[in-house]
């Protein structure tokens with residue numbers, strides 16, 4: 001009996017991961033409201049029962065996906081904050097990370113930035129208030145306190161720094177930029193940094 005439990009545990013984890021990966025793809029392509037649990041089940045090639053073993057409903061899948069992606073992004077922001085000393089280096093590393101993620105995992109960025117999460121997760125905080133973006137605001141706040149960012153309203157400073165980068169990500173996801181967004185890193189960074197530099 002014990003060996004079977006050990007054998008089924010990884011399979012259950014695989015089904016959960018497969019369900020979330022499939023949901024991410026379908027939510028990005030079809031949109032949340034045009035995707036059903038049956039679409040996810042068919043695309044993932046798993047039984048409907050195995051999906052409901054892990055998730056209560058489609059909203060549960062969307063919430064788990066959102067939570068997982070926000071957690072991963074939060075961990076990346078925490079790592080950047082710990083590994084870089086200056087505000088300038090930290091925030092440029094944030095730009096580089098987000099741009100790289102846009103190129104390597106466009107579905108992730110599309111789900112994080114485009115999905116209207118509050119429409120299907122009304123109790124969830126807005127993405128701009130989520131942990132990763134709170135860490136970015138903390139980087140900016142520390143920069144203001146240390147004199148590495150000029151004295152200004154924290155929200156204005158954060159928007160000035162991140163607005164251009166986020167807009168370029170949208171343009172890349174929309175297919176407007178022909179070159180990878182990473183190609184524009186230095187140029188957009190220089191513009192954004194000049195808007196807040198002391």
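Placed from the backbone N, Cα and C atoms, the Cβ positions cover glycine too.
TrEMBL does not curate its annotations; it predicts them automatically.
Keep in mind the model is a prediction, meaning the values are calculated, not measured.
Looking up the ranges 36-55, 56-75 in TrEMBL, the one annotated as DNA-binding region turns out to be 36-55. On the 0 to 100 pLDDT scale, the model's mean across the domain 'HTH tetR-type' (13-73) is 92. The helix, strand and coil residue counts that DSSP assigns across the DNA-binding region (36-55) are 15 helix, 0 strand, 5 coil.
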